[in-house]
Each structure stands twice: as structure tokens, then as C-alpha cells.
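Noted in TrEMBL for the protein shown:
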type	residues	note
DOMAIN	8-60	domain 'Myosin N-terminal SH3-like'
DOMAIN	69-763	domain 'Myosin motor'
BINDING	163, 164, 165, 166, 167, 168, 169, 170	ATP binding site
REGION	643-665	region 'Actin-binding'
COMPBIAS	1136-1147	compositional bias 'Basic and acidic residues'
COMPBIAS	1169-1195	compositional bias 'Basic and acidic residues'
């Protein structure tokens, strides 16, 4: 695609900036062709319109994606231009604290102005042997690359270190040399590498000084050639120096110093040996005080002086020569203090007895008068005469300074020569690596002759650099078969021609120096006339006629012509030199003896460098011809010659470039000044490298890397089996312009920007996929969330509604209850009120009614009394009135009656006088009488009724009267009571009133009391609360005190425990340290011992057969013998199948046939033995049953006896047959078929004879077994014969006839009982067979079930595999098959071991049973009567000899000791024969030999045997010490031998677990404790050797398997890599995976277990292996930025989990191995955790307790996102981590010590194996040993 298409919205670009050089901005809208302005937005948010150049129409450079920022190699950037390079360097330097970066073949090193912990020996070891692109950029990586290319290509190498003053050139060169000295070592014991390193402090002291830019600035250039022999070990070195700045000796600018050596001398002036130098403070001397800065912060000059003197001593400069050097240097200082007094304007003189000059002359050994004279005069020679002319004071001072400079320059050259002599190789140099530490391009405000020479040298170096880069690019293109198009690159040959060609600047300068009146001005005019307007690279300044401008490759430089001629001439007065040559001080004349040689092009050039702040002082001009012939060559001429020689040397080597950059001018640590950095990048050629790379195809990917990275852009149908074709097809679709890429043989080449375009497409694709995944996931999450929310809402609603319903029901219940309560409460209140009112009312009513009744009663009483009184009064009055009335009435009546009577009388008298009257009166009277009569009658009746009533009434009245009387009495009493009550009421009322009064008083008092009570209560409560609070406080204080007491007690206890634990740990650490120190001393002792043996062997070889050269041999040993499983060595040795190598082809048929026959017979015997064992078991059971039922059982059938006899006959026939065959074999062996074979001494004869002997012994054993069986049969026959019935026959046929003929019922009953018992026996056998059948059936069912489960598992795996892609399916199937075969193999091994154990057990039981049967036979034979013996036919029986009781000792002759050591130690191999031995058999054999020597009390034999054993083991380990099986085998046997010496030492501590029989075997005569210590030391050495062997085996696997290999496929993506990754010096070998490591671990573990190594020792070995794995992995992780990513953390954690799984499978989790991986686990977790907030920082600090602060910060700095979706770690977060971890006390070391070996211990592990049961196999060839 077109480049302009990348300028879309949001694209980021770089625009020029005056302050920051380049500033980042973002496009606000797409760029369209023709636009004149770009709409940009800066990072700070400011909008900007960027105007494009109308002429060039160049767009601003694009910014690389963030994922590419911070890359190790600048060529990995998609956009290669200046701002990208500057930004990448700044990010690495400031954010990641990384000072090294690759730029193609150049290593860019930025001076951090701070000591960094990245140069230790651990870092050197980490980089040693690594490919350059595999590790992070480092000076060690460049050094390693040079070292490997020297060894691989057989070509000399050069490392060119350049840069400004203060950029770190010297330090980089020093570290490169340190690397060579460390990794190569020296070929001799002269410690050449130490001498090479020791040259640094010497050269720094005499050639380095403090400047304003650098405290340790090299003021000369040097090229050091480090020589190597054919084995690429350092043998010597040679140094060439260039352009020493002599002017610094006499002048220093402000804030600068002279050379360090002067200040070191002044600081050491108080030393006794320096008293004669008469030195003082540096401020006393003129040559050291001009800069005003005599002290450098952090530098102790006195201490540095000690280092300088030590380095001189190491380089062979004797003390006398050292003192001579110091005398000359002190003389220079005193010379600087010499002052001159002017006599006139043209002459001067030295003051008389001038002290500084006197001291100078004394130190130099010259005459005072001569030196004083020639300091103030000079000799002028003409054609005819010579005369002496005085000089002015100014010229004298200049001459003095010139002399001081000349002396120092010659001394400098003399020291360099002596250093070279000390470093000179004593043997022939095969190759060398040169390290060039030379000044970089310089431009200052005032540039003089020194800057001109420096820039001239840099022009030459830049030309060589450009040609080399161009050549490498061309080779890369041609190797990949890419069409080569000529790349236009800057060629600075015109500039070089301007300087060095004929009529060039140097040529004109030399010509002007030859002119009698040559001057700087005339030389400048010649330059203008020759080159101005003729050469485009030469210009004249506008405002100066004494300067000129040259356009160098880096920049334009204006040179001031003043001083050029004098500096080029370098004039020194010859007379002064002659005075010095005549010195009595021997060293001084040596400096001037061979100045021609000193000033030759091959050595350092004495020239000056002017200070930056002022021009050089012009010395007095001398006429040509005055200088001697020694000074005719000008400085420019010498420098040009030496530079040409240097270029020839560099062109003959393979160069490696280191460009040092100074980040700022103020020496601030980790501060980056963009302007200064860009100036240096332009000057050092880095940008030119970028330009050359960018002109072609800068981005290069292998097809596999491209496929891995951009697999996401391919569809499934695009993926083909051919990766190359797949990549081609995809690229043709992605990039239409085919010119933008090219396909090479192994790589794809891209133009600049295409990788960014592909990354953009990939990021867009991933972003779209992420969006789709996010959309789906978010939809799914939202649906899940909605479903959960809906379900939760329903649930909440249900619960809320239920809750509300319950609340409502509760409310109703409460309301109802409240109403009820209210009802009852109100009813209760009303009722109480009613009852109160009722009671009150009733009381009131009672009182009122009583009162009213009482009142009524009183009133009634009064009324009654009144009535009575009234009655009586009224009665009396009535009576009185009645009496008066009656009297009146009576009187009246009398008066009236009288009157009436008188009248009546008159009437009567008148009537009487008339009769009629009388008649009328009479009729009326009769009626009246009748009426009266009736009336009387009625009245009588009434009278009677009234009488009755009256009587009743009287009765009633009497009763009523009585009642009333009673009532009256009662009322009277009531009245009295009422009176009393009234009185009581009155008194009560009075009392009530009184009480009320008292109540009121009481209430007032109560109120007062209540108020007082309330107040008192309040006060009391307040007091109580205060008391409670005080109580609480007291309680809390008490509790606090108790807690404090408990805490203090606990703390004291814990502190004591902690202190105890710490002391214990400290003691353990001290013990481990002491043990480690002791073991290291042992290791060093063994190394020295081996070295001594090697030297001894070399001396012997040199004496006997001298062999030129040295040839490496392969250290790995392999054996082709087949490995056997364990067989029984505890029983007879005949059971062991022996396999030996045939001596020749002729003997093969005979040996093989015999071997096969013997093997066949042995197999048959094994089968026969098994059948006999089964028969024996069966017979033993029958015998036991017979014995239990001896009294009850009838006789057995004769058929079984007949079967036994037949079996016996069959065995006898088999034995006869076997005997015949053996005789035949023996005859065949003794036949004279081949004399060389059948000779008694022939190996085949011995082998076959041993085999025949073993078979014969086996036959004897079989005979013994047959005899035992025969005896058993006889005893059984005797046992089953009935004692009662003597007529019973044993023959089966007779028994049947007798059964048929029997008539007696008793006999039939007995026969029936016998048959019944037989049936029972058969039934029991049938039951046992049925049970065994059922068991077998059950086992078969279990096997069927397991097979079904296995089938199901296989089907599941098959189904899973079918879902995988084809490659993964194949890999999974292979993995599964490997797992299955491994499991089957392990199962078979377990079954085999079980069978072996069963065979051993059965053999033991067979021997025991045979012994029992023999004893039973003897007992039964004794019980047999003589008659029975006569009746029984006697057969011939072989009586076995009783074996002598074996005491567990082995006897050998003194002369057979070497043979024993040879067969048992030296020639015994772990593979083959030794595999079949019981574990530790050689140790047991050796100990049994020691036991016999102890038994004989032969101390010489014990001492000789133990010494020979130890030496033999050492020889074996020296010979095959790099074979793991051999070392493991002898470590196991050495430990077993050590345990045996302890177990049988007789010490109580070691005898606890012994059996009584083992305690009988203890040593009786000798205490071998000292030899136990020697054996323990030997075991330690073997263990350390074992660790080294397994480390060498594991080392190549660890990084590849743990870091590089993708165990989880597809997790980690491949980032674009730079040139270094694809120009690795070593081609990729076999790639190791995690499975390779685990397989190797399995191999180690199985070998150690097979050799019977102690479990505790295996745990220590496994712990050491895991430590090595963890340390190497973590170290590589800390040095590889490309490995520090989130996905790699996941890979590491998975790999570690697999290792932990391996530990679990092997039951080694408690070995401490997992803990050794903790730093690696935490580093992997650190890569995966969040790294943003303070909480994350706190979590990281608490999590990473096994990592040091430096490691944590390093991982965070190196953390690199693989995809755009990851984020970088912010610098502020890293600082937060540092702040949190600043109190942590841990090691400042960055890397773990991968070479660390844990102290090993050998816990006592007694053996349960009885010594008397050990058999010696014939395969060991120890027939000369006899058992005792």
C-alpha cells in the first residue's frame, strides 16, 4: 500500500520541535494527496496545523505502534527514522532503566552515571554460551559474539568502542576485557587474564583524568589485542595507544584535574617510602591546582594508589622501578613549580638555590647548574657556528612545560611497553580479539589540532563501519537470494581525501612546518587557496581568516588555525633532553634511549590535546633544523601512519561496534537530553545504519515467525502444509504492491512501514474479534445478568410480598391483639375506675347512709321521744282538756239535759197527756228493738271475732312487743354503737384531718425527700456511672495490663522462641555455611588433586611420548550392553543368566549353542522347580492334615502312593537324562575342536566351565530335592499304615480285591468311613479349586472392568482428539501413546519386581521347608522299627553334605587386592553386568572383605584395602566422571559402604536397628571412624560431581524447555524481531521442550533408584536439580525483555505445575524441591498480576517475598506487552514498588547463583540385608574370593 494511505485519522506522527527535537502528534483527519496542511493534536491536547514543505512534499515520519516501542533492536521497528530511534532509546533508558540497545550490528550504550548491578560474574555466566539475539542487549553479549565467532570462523575479531568523552567508552572496554578474562581462562598458571585486567588501573591512573564531562575520562586512545591459543584461552595481550593529551600535564581548565597518578602521589605523600619525593598537598603544585578541583567525590586517591601499585606488582614492575616512576612523576610536579625571574625583555634566570628546581635535580639525578642554565637558554646552530642565546621568561615557561610534557609522554610510552612485555604471550598466538577504545567525534566552540586528529580518525572508522554494514546487508540479501539493488549510502572518502590526500590539510600542514618562517596564518591562506571553492567539503568562515570549516559525516566543524603548527612540530629543546640523558638515575635515560622506536607508528603517538576552554599556549618558535633527527616526523604524519595501521588491523578482523552515548552534560543519573543524544547518534553512525537498513528491506521475518504472528489474518482454507506457500498466498492478498516485500529462502523481507501496516491490520482484526467476542460475551453476560436479575427480582418480589403479607398479617394480628389489649386494658381501667368509684360511692353511700340513718335514727329517736313527750303532754293536756271539756260538757249536758229534761218532761207530760202519741212511739220501738236485737247479735258475732282477733292481736302484739323490745334493745345497742361510732368517726375525722395534715406535711417532706432522692439518685447514678467507668477503665487497664503481660510473656516467649529459632536457623546456616565451605574446600582439594594428577600425567607423557597440540575428546560415554532386570543374588548364583562378549567370530557357534542349551535346561529346571514347589506345598498340607487326624483317619488309598512313586521315578529319569546331557556337554567342551577356544585359560572355556559348574550344582540341588521328596513319601507311607490291621495291603489292586471279598460288616464300615474321608478330602480339594476358580474369575472380572474403563477412556480421548486440528490430534495421540506405553512399562516393571520378590521368597521357603522335611525325615526314620525297615525296600540315597555356617565375611589374598579393586571398581560398569546386581553389592563385598581383615586383626590389610578402594573410586570417577550413571552408581555404593562401616562399627547409636545376627557381625578390632570421615568426604566430592554432571546435562534444556518452547500452544504471540535474532552466531540445534526436561528427570530418578541410592539423598539431588532449573530460568527471564510478558508468565506457571506434578508422582513433595522454584513462581505471578494501583503494589510486595527488590524492579522494567491490549507498567508504579520495598533487607544481587550447591548430608540408613545371605555372582570375576 502507498505510504500516504497510512496517514489516516488517529495516526500518530513525529514533528520537529526546537526543545525536544521531535514531538509526537495525532492526526485529526485523514490526509489526502494535495493537502498542504495537516491537522494535528499534540500529546498535551493542543491542536496544531502542520504545514508541509511544498518543494519536497515530505510527510512527517509516522510513529511506531506502542507494541514495538522499547524493543531490544532498533531494526525491529517498523518505521526506521531518527525520531523512532530517539524515542525507543529514551523509553528504554528512562522507563525501563536499560542502557543497552541493539541497532543492527551496533550496540548502543547510554551512560547511566550510576553503578548498576549488571556486570557481576553471575551475569557473565548467564551470557556465556548464549546466542546474541536470545538475551537482552549487553556489552557481554557483544563480547560473547566476538569470542564465539573467533572460535567458529577461525578469524580475528575487533570490538570498536567509540563515543564522546564521558560516554562510557573506557568502562565498556574494561567490561569487555573482563568478560574475555572470565569466560576463557588462561592456558597457564601465570594468570594472564588477571594481568590483562590489572593493566586497566595502571592505564587509568596515567592516562585518565577528570574533565567537566567525565570524572574518569580517557585522554588517549588505545587498542588492546587479547591473544588466545588454539583452545581459545587467554595467553597474552598487547596494547597500542594513540594521541595522548600531553597538554593536560601542564594545564587544566576550570573544574578539571591533571592525570590521576599525580593526585594519587600527593594523597600518599605521608607514606615512609615516599618521604624522599618531598611531596605535599595537590594544591601546592602548579600542575595540579590549576583546575581548582583536586578531589573527586566518592574517590579515595590513596586507596587508588594502592590498587595502582598492586597492579604494577602483578604485571611484574618491580618496586625499584615503581619508585623510579614515582620519582619521575614527582620531579614533573616540582618542575612545574620552577619560577623564572626576568632580567630584561629577552632574558631570564632561575632564582639561586631555587628549592623546586633543586628537588627536581635531586630526583632526576642531574646537575642543578646545567638544568638551570638550559631552562633559560637555548643553542642556535648555523652553517658555520653555534651560539647560545638567552630566552625570555615566557619562552622559558613554555620550554619548561614542553619538557614536562615530553618527560611524561616518554614515561607513558615506557610504562605501556613494560605492560606489553608483561602481557606478552609465551606461546604462539593463534588468534586475538582487539578492543578499540577511541574518542568519538568532537566539536566544541574552539576546535584545534586535537579535535582535527580525532575527527580524522572517526572519519576513517566511519568509512570502515559503512562498508561493513553495507557488506553485511549485501551478504544477507545474497544468502536469501533476494535481488540486490544498490543502496545509496554516505561515502566519506572525499572528506578523507581532503584531510590525508596529496595537497590535503595534513600535507599542507607538514609542508608549512618545514618552511623557515611558516606560521598558522600562512598555512590558513594556503588552505584557502588550495581548497576553497574547489572542494564542497571545505569552507571558510565569514568573519575569520584564521579558521576553516570541514563538513564531516556527522556535522560541520570550524577549526581555529592558531597552534596547529606548534602542536604538529611538538618542539622540545635538545639541550634539556641531553641533560636528562646524562642523569645518574638509571630509569630516566631509558626513557630517551630509543625515541625513534617510541615514536614509531606502531606505538603510542605523543601528541597533545588542548583543553576545551582555551587555546594552547604557543611555545617559542624554533628554526627548522634545530630539532634533532629524532623529532623530524611531525605529529600529524605519525598519527596518519598509526591510523592506517589500525585500519589495516581492523579490516583484517571481524568488527563489532559499541557506540557510547552521553545522555546529558551534567552527569545526572538516568536523565535524557534529546538534543545531546541526537547529536551523538548522528555523529556515531547509528542513524546512518538505520538509513542503510531502511533503504532496503529492514524488516525480516522467518516464515514460521510470520505464520505464528499473522495466523489470525488467515482463514482455515488458506493454511497449507507448506508454511512458505501459505505466507506467500496471504501476503499477496494483504499487500497488493509486490515491491513492498520479497520472499527469501528462509525469510520474508519487508520495506519500511509494511510491518506497521500488517500490525495495524492484525490489530484491527483482533480488535474486531475482540469486539465480537466482547459483544457476544457482553450479550451473554447481560442475558445472564438479566436472567439473574429477573430471577432475583422475582425471588425478591416473592420474598418481599411474602414479607409484606406476613407483615400485614402480623399487623392485623397486632391490631387485633392491640384492640383486645386495649379493650381489656380499657375495661380494666374503667373497671378499676368503676370499682374505685363504686367502692368510693359505696363508702360514701355507706357513710352518707349511715350518717342519714343515724340522723334519721336521731330524728326518729327525738321524734319518738317527742311523741312520747307529746303523747304524755298531749295526753295530759288532752286529759286535762278532756276533763275540763268533760266537766263543761257534763255541766252543759247537765244543764242541757236538765233543760231538755225539763222540756222533755214538759213534752212527756204533754204526750202523756196524749195516747196516740204513745202508740206511734210504740210501733217504732218494736222495729227498733228488732233491729237492736239483730244488731246485738251481730255485735255479739263481731265481739267474738274481735275477741279472737284481739287474742290473736294480743299474741301478735306480744310477739311484736317482744320483737320490738328486742329491736329496741338492739337499736339501743346500735345507738350506743352509733354513738361510739360517731365518737369514733369524729375521732377518726379528727385523725383524718390530722393525718391529712400530716399527709400534706409528709407529701411536702416526701416531695423534698424525692427531690433530694432524685438528686441523690442522680448523683449516685452519676457516681455509679463514674465508678463504673472507672471500673471499666480499671478493668480495661487490668485487661490491658494482663494482655500486655500476656503479650509481653508471649512476646518474650515468642522472642525467645524466635531467638531460639533464629539462633537455631543461624546455627543451621552457620552449619550449612561451614558444611558448604568444607565441601567447597573438598571440591577445591579434589580439583587441585585432579590438576596435580593431570600435570603428573602430562609430565609422564612429555617424558615418554610428546604429543603436539591438544585434541578435545567427547566426554559422553555410552554402552551398548543390554540392561537386565534384577535377579536373585540373595540365593544361589546359578540362577543368574550370564552373558559375555564372544572373543572372536570363530568361537561364536560353539559358545552360542552351548549357551542356548544351558539356557533351555535352566528354563526347564525352573519349571520343574515350580512344579516341585507346588507338589511340596500340596504334600505339606496333606501331611499337616494327616498329623491332625492321625488317630481318626483311616488309611489313604494306595493310588496316591502309586502316583507319588511314579512321580519319583519320573524325577529320577529326568535327573538321569539331565546328567547324561550334562556329561555330553562336558565332553563337547573338552573336545579339541579349537585349541585356542578349549584351552584351559581361554575365556570361552572359563565361561562354559562356570556355566557347567552352575548346572551341576543345580543338579545336585535337584537331587537333594528328590531325596527329600522320597523321604517324605516314605514317611507318608509309614504314617498311613494302620497299626491295628496288619492284613491291609498298600497296592491299589489288592485293596480293590479285598473290598470285593470283604464280608465282615466291620470291615465294610471301615471301608465306608475311608471312602467318606476320601470324599471329604476330594470335596475340600474341590472347594479349594472352586475358591481359586472364583478368585480367578473375580480377577478376570476386575480385569474386564478395568479394560472397559480403559476402553471408555480411550473412546473419550479419541472423541476429544477428533475435535482437535490435525496437528494437535497427531501430537495428542502420540502423547497419549507415549503415556500409555510408559504406564504399561511401569506396570510391567512392577510386576517383574513382584515376581522377582516372589521367586526370592519361594526360594527362601523352599530351603526352609527342605530343612524342616529333612528334620522330619530324620525323626521319622528314628521312629521306624527294625521290622519295618526290613520290610521296606532300601534304595540308594545321596546324603547331602551339610553346608558350613557362613559368617558374612570374604577372604582374599594380599596379592589379589589390586585384582579385587580392578574387577569390582575399575572395570565394573553401571550398565550391563552391574544392572543385575542387588543395590550396593560392591559396597557389601568390600565391607565383608574389611570384616575379614578386621577378624584377622590385620591393620595393614584394612588400611591397604580402604586406601585402594578410595583411590579406585576416584580413578573411575576421573575416567568416567561425566557419565551420570557411573557417578550415581558410585555415590550410592560409597554411601552404602559408609553406612555399613557405621552400622557394624559397634557403636550403640548405630546398632539400634540391627538384628542380633547383625550385631554379631560388628567389627571387633579396629575403629574406622577416621576412614568414615574420609569416605564421607569422598561421598561429598562424588555428590558435587554428580551435581555438575546433571547440571551440564540439564543446562541446554532449561531455557528452551522452560521459557522458549510454547507448552500451551497459541498463548504467546511472536513479536517482530530485529537483525540480531536472525544473525545468531550458532544455528539452532534440536529444540528442547518441557517433556525433554521431564524425561531427563525421570531418567535421573530411575537411575538413582535402580542404583539403590538412599531416598534422602535422592531428595537432595532432586532439590538441587530443581534449584538449577529455577535459577537458570529466572536468570534468563531477568535478562530477556522478550520473555517478560503476561503470556510467558502463564507458560512458566504451567511448566512449574508440570514439575510439581512430577514431584507428586515421585512422592518427592517433601524434598524441598518445590520451595526452590518459589522465586520463579513469584516472577511468573508478577508477570500476570495487575500493575496499576497502590493495592496492586501492596499485593505485589506481599506476594513476592522470595524475590529481591532488584529482581522485582527488573521484571517490572522488562515487562513488555505482546499485544496492543496489554499495558506497560508505569514508571510511577515501579517507583511506588521501590518505595515500599526500600526497608526490605535483601541482597542487591540481581541474578541467582545458578552454580550454588546446597550442602549435602548423608543420614544414616542401616541395611536390613543379612551379610550371610549375600551371594557373589560369577559375572563379577571374583572367583579368587572365598566365603568365610
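Note: Cβ is positioned from N, Cα and C throughout, glycine not excepted.
Annotations in TrEMBL come from automatic prediction, not curation.
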> For the region 'Actin-binding' (643-665), what does DSSP give as the number of helix, strand and coil residues?
Replying inline: 9 helix, 8 strand, 6 coil
> Far apart in sequence but close in space: which same-chain residues, 6 or more away, have a Cβ under 8 Å from residue 164 (ATP binding site)?
Replying inline: 213, 439, 440, 441, 442, 660, 662, 680, 683
> Per DSSP, how many helix, strand and coil residues does the domain 'Myosin N-terminal SH3-like' (8-60) have?
Replying inline: 0 helix, 24 strand, 29 coil
> So how many other Cβ atoms are close to residue 167 (ATP binding site), meaning within 10 Å of its Cβ?
Replying inline: 26
> Using an 8 Å cut-off from the Cβ centroid of 163, 164, 165, 166, 167, 168, 169, 170, can you name the remaining same-chain residues around the ATP site, in sequence order?
Replying inline: 111, 214, 217, 218, 440, 660, 662
> Counting other Cβ atoms within 10 Å of each Cβ, which of the binding-site residues 163, 166, 168 scores lowest?
Replying inline: 166
> In the predicted model, what is the mean pLDDT computed over the domain 'Myosin motor' (69-763)?
Replying inline: 82
> Including all protein chains displayed, how many Cβ atoms other than that of residue 170 (ATP binding site) lie within 10 Å of its Cβ?
Replying inline: 23
> Pick from 165, 169: which of these binding-site residues has the biggest number of other Cβ atoms within 10 Å of its Cβ?
Replying inline: 169
